[in-house]
Amino acid sequence: MADSRDPASDQMKLWKEQRAAQKPDVLTTGGGNPIGDKLNVMTAGPRGPLLVQDVVFTDEMAHFDRERIPERVVHAKGAGAFGYFEVTHDITKYSKAKVFEHIGKRTPIAVRFSTVAGESGSADTVRDPRGFAVKFYTEDGNWDLVGNNTPIFFIRDAILFPSFIHSQKRNPQTHLKDPDMVWDFWSLRPESLHQVSFLFSDRGIPDGHRHMNGYGSHTFKLVNAAGEAVYCKFHYKTDQGIKNLSVEDAARLSHEDPDYGLRDLFNAIATGNYPSWTFYIQVMTFSQAETFPFNPFDLTKIWPHQDYPLIPVGKLVLNRNPVNYFAEVEQMAFDPSNMPPGIEPSPDKMLQGRLFAYPDTHRHRLGPNYLQIPVNCPFRARVANYQRDGPMCMLDNQGGAPNYYPNSFSAPEQQRCVLEHSSQCSPDVQRFNSANEDNVTQVRTFYLKVLGEEERKRLCENIAGHLKDAQLFIQKKAVKNFSDVHPDYGARIQALLDKYNAEKPKNAIHTFMQHGSHLAAREKANL
């Protein structure tokens, strides 16, 4: 039985086999000093107290006390892998980025898949958006495409992000997941309807990480060598085919194998079944953006493919598992502001907010020198700047080079040729309310044209099955929003909720007391 286990289960066995006849390494302290006894503490006599001079114990325990680093506030549960991106189609007319330089070019990549709301020990099979972040190690520095498995998101204004995440996390008093919090926020922000509908559809629970698409989601800007710019969106579609889990299978796996997605990815790569995705872009000119029927930078909407077709670019291939999870996955940090020349941000409000939030959280979680950690290091570019010192400075701190700019001593110089693309911006400065920017048209298309009848049925069942645990006034607000999308959408959900709500008194838990004779009649009636 043990001989037929999968590579993930046999990791220790395989590690030993790889060492072949090598002798075991000499056991040492963190400082490299050999250890003579690792099984017994040093004491004054067999029953005496420990000695402070037992540096073997203190070295071990002091490090153990500091093993954990802060958990990611979102996307805490994840799996990672490494591979390459290969260009298959020329898009240099759109972008001068070296990653797209010529057909056949390969760029090393690191990828992290994740759920959003759960903690690091949560199940892989919950209904939740999936993170799908790609780090390209280019000659012009890292490019971090920090995407999801959906082309849209719940909100379009970055100031709402902390509250949105709080609503998906645990109640501050009970420390329980709270349907009131979840649905209260969603019902008060109807721009969430598109993503909520996607989330509760069949694609809300992907079958592992290999069978789902990825999307940059945001609108970006591409700039070519002539300084001409267009807006774009990034898509990466699975070559393994879309597969999703049923509600029943997902629930079963959450108990039987909560690490189902991580295990599936590891074993596929370990057995040479390398997963891949075909990489595409959509392109919109500036003039098209000006006449577009809605805000092209709205993260709650897509660009219709019939108007802005997918343009093939290349392939993402994953062919190496992490050597060590903590070193290469837990410490992996993605930052949307890492963009090499040829790729720039658009005015997308959510993207603009992430440009600050992501590097800020990495500095908190990993330290100000997190880009010196090997998995985050832009190893194909030479880093030269005026940043110095700080906790965990692990490199040479740029030696004796000047640490101020400008200077007269041949230190790193700015390069005018990589200046960002200029753009016009002269509107009034104020806080613009975007809450009611057509929250239903694309959701209606998704409900009526993208989904089939059986898919619509399951969508409504999934929504009602979750919404039923929220208070009635919240249910009413949510149903109103779904009805605004289409009367049939709201009516189906309401009909299912009516059944659930009718069953609630029957399923209520009653507490009975054996000795109630001393209670008043009113108190007895309340038992």
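Heads up, residue numbers simply count up from 1 along the chain you see.
Note that Cβ sites are derived from N, Cα and C of the backbone, with glycine treated the same way.
Per Swiss-Prot, the feature NADP(+) binding site maps to H194, S201, R203, N213, K237, W303, H305; the stated evidence is similarity to another entry. According to DSSP, R203 (NADP(+) binding site) sits within a helical segment.
Within the same chain, residues at least six positions away from Y358 (heme binding site) with a Cβ under 8 Å of its Cβ are V146, A333, F334, D335, P336, S337. Residues or ranges marked as heme binding site in Swiss-Prot: Y358.
Here Swiss-Prot flags A2 as N-acetylalanine, drawing on similarity to another entry.
Secondary structure at S9 (phosphoserine), taken from DSSP and collapsed to helix, strand or coil, is coil. Remark: S9 (phosphoserine) has no non-local neighbours by Cβ distance under 8 Å and separation of at least 6 in sequence. Residues or ranges marked as phosphoserine in Swiss-Prot: S9 (among others).
For K13 (among others), the entry in Swiss-Prot reads N6-succinyllysine, with the evidence type similarity to another entry. The number of other Cβ atoms within 10 Å of the Cβ belonging to K13 (N6-succinyllysine), over all protein chains shown, comes to 13.
Swiss-Prot lists K221 (among others) with the feature N6-succinyllysine. K221 (N6-succinyllysine) carries a strand DSSP state (E or B). The Cβ of K221 (N6-succinyllysine) lies under 8 Å from the Cβ of A229, V230, Y231, C232, I343, E344, P345, S346, H421, each on the same chain and at least six residues away in sequence.
Among the features that Swiss-Prot reports, N6-acetyllysine is placed at K233 (among others), with the record citing similarity to another entry. The number of other CB atoms found within 10 A of the CB of K233 (N6-acetyllysine), across every protein chain shown, is 22.
Swiss-Prot lists S422 (among others) with the feature phosphoserine. Within the same chain, no residue at least 6 positions away from S422 (phosphoserine) has a Cβ under 8 Å from its Cβ.
Other Cβ atoms within 10 Å of the Cβ of S434 (phosphoserine), summed over all protein chains shown, number 15. As annotated by Swiss-Prot, phosphoserine applies to S434 (among others), with the evidence given as similarity to another entry.
According to DSSP, K449 (N6-acetyllysine) sits within a helical segment. Around the Cβ of K449 (N6-acetyllysine), the same chain contributes no residue under 8 angstroms that is 6 or more positions distant in sequence. If you look up Swiss-Prot, you'll see K449 (among others) marked as N6-acetyllysine, on the strength of similarity to another entry.
The N6-acetyllysine annotation in Swiss-Prot covers K480 (among others) and is backed by similarity to another entry. For K480 (N6-acetyllysine), the same-chain residues lying six or more positions away in sequence with a CB closer than 8 A to its CB are S187, G490.
Residues or ranges marked as N6-acetyllysine in Swiss-Prot: K499 (among others). Sequence-distant neighbours of K499 (N6-acetyllysine) (same chain, 6+ apart, CB under 8 A from its CB) do not exist here. DSSP assigns K499 (N6-acetyllysine) to a helix.
The phosphothreonine annotation in Swiss-Prot covers T511.
The annotation phosphoserine is assigned in Swiss-Prot to S517 (among others) on the grounds of similarity to another entry.
Annotation comment: Swiss-Prot describes 524-527 as motif 'Microbody targeting signal', evidence class similarity to another entry.
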Binding-site residues: H194, R203, K237, H305 - member with fewest neighbouring CB atoms within 10 Å: H305
S434 (phosphoserine) and K237 (NADP(+) binding site), Cα-Cα, nearest whole angstrom: 30
K13 (N6-succinyllysine) and S201 (NADP(+) binding site), Cα-Cα, nearest whole angstrom: 41
CB contacts for S201 (NADP(+) binding site) [other CB atoms within 10 A, all chains]: 21
Cα separation, K233 (N6-acetyllysine) to R203 (NADP(+) binding site) (Å, whole number): 21
Other CB atoms, at most 10 A from the CB of W303 (NADP(+) binding site): 20
Cβ neighbours within the same chain of N213 (NADP(+) binding site) - under 8 Å, at least six residues apart: F132, N149, H235, Y236, K237, T238, I242, W277
